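Data block below; observations after.
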């Protein structure tokens, strides 16, 4: 769908201005993220008052109507559902599909008669409602009115995902629901739940009670960042038991909660690697007999399950219960980081290779994966795994989640397999630093500035190396949160907000429609919401340096911040800006003498005294640049 925008109400003020000026004016007015495909802003607004009626008949209409009513209640508006015309808000599933969009598209109309949302399916109706919620004033004390608009919208990608690792640090059920709520607000439709790993098993499996009794508990956790230790011998542990798991009742509760918000929950059960916690409870699944403990530190472990019939039966039993809990078409089997050290030494594996005609031990994992995939097929489910599953060979029906860069995803798509892009090097690892490492909390991946807000926004899931006739195999992309050093909900929120805004627009908008400056102009309303919700979000650096040319003689710097009443202060000598540094009041002109550099730094100072990390750049008039 072509992205267009019209601002009828502002044409007089703009005169014969450009389309860009119109879009900037619209951005200030609406503040929508992600930006819809087509927006027409008209003169006037519709006031809801203290009461509202919602027309809804079908199951999906009633579900979305109930959602809208709950939001309005929080804003002091009493809303009730009716099934007749003349309602304040009318929700309607098209009897004949609108050919302009699929199940997630919608039309939102606000005029003097009220609000109407139409869609082909419940998901589209829900996304139209989310857009409507963003049109409400951020200020709770303001009168509840909505500008007259005509919006036609549809996403660019089918898979718009976020993953949460609860193995390394388990998160409470109520927080998982909060996480789902925020995904829904920004039209993220897939919640990838990483439930098992070396450091803990977090899902109740009734046939194997030891997974809850033993595999869910580790006796301690590594203290500090593992890279600071000279060797593993020097590791120190806190000695505190970390445990917990979700009961099947809780799992059902979360899945149902997500379904009402049109979010698919994709469970991940790691195999054959990242399975030390399994071996702690069921050591008979190992190639080497012995005693195993749930891992207390991070990394990749040689101890993986043995590809025996007993192991396959174990995972089939586990997946049988998982399938009953999760209606998702996709079941994630992990498949990453599975060293074959113990397999190479195993006589059983050598005999298996001879029997199956396998000449490379790496291909044994492919054989194992296909056995699991055959089981999933029997239950009408699809296998998805990290890109390592390519190394052992995959079927044409397997889906690849590409995390080690985009290479695996490119290979898989060109081969005809569906792909979800999730590259650690492409800003899709939200546990990675959002800026310079010295200003950021520790994370398992310390790549400096690897996952900045700008890089997340700039990410395009479709690499140019993918053949034109294979691009439909890119389902979308996903951001991941690995929680080795993210120990509580506040820490999760810090890495999510505001990057979820950038992710949302990157996956809803086609690449050619994205505009960084316009995006940042729409952010203030969302930070007001984060403040009202008391979220522990990250305060972004001043915007404006991201796209600047750093080489030359003369430079003009234009900065902005999404915080009302904030002050940007800067220095040009490389020092850290303080409350006494020069305040930014307009574009800054700098001139670098020949062969010299200027180190520019800028910090946002909020009204309450909080500050951002510095935005910094080295301007260079000579050879080389930082």
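For all residues, glycine too, the Cβ spot is worked out from N, Cα and C.
Where the annotation comes from TrEMBL, it is an automatic prediction and has not been curated.
Summarising the annotation, TrEMBL assigns signal peptide to 1-21.
What TrEMBL records for 31-153 is domain 'Beta-hexosaminidase bacterial type N-terminal'. Within the domain 'Beta-hexosaminidase bacterial type N-terminal' (31-153), the DSSP-based counts of helix, strand and coil residues read 30 helix, 46 strand, 47 coil.
If you look up TrEMBL, you'll see 157-510 marked as domain 'Glycoside hydrolase family 20 catalytic'.
For 337, the entry in TrEMBL reads active site, proton donor. Residue 337 (active site, proton donor) falls outside any helix or strand according to DSSP and counts as coil.
The domain 'GH29D-like beta-sandwich' annotation in TrEMBL covers 556-613.
Under DSSP, the residues of the domain 'GH29D-like beta-sandwich' (556-613) split into helix, strand and coil as follows: 0 helix, 26 strand, 32 coil. Spatially close to residue 337 (active site, proton donor) yet at least six residues away along the chain are 273, 274, 300, 388, judged by Cβ distances under 8 angstroms.
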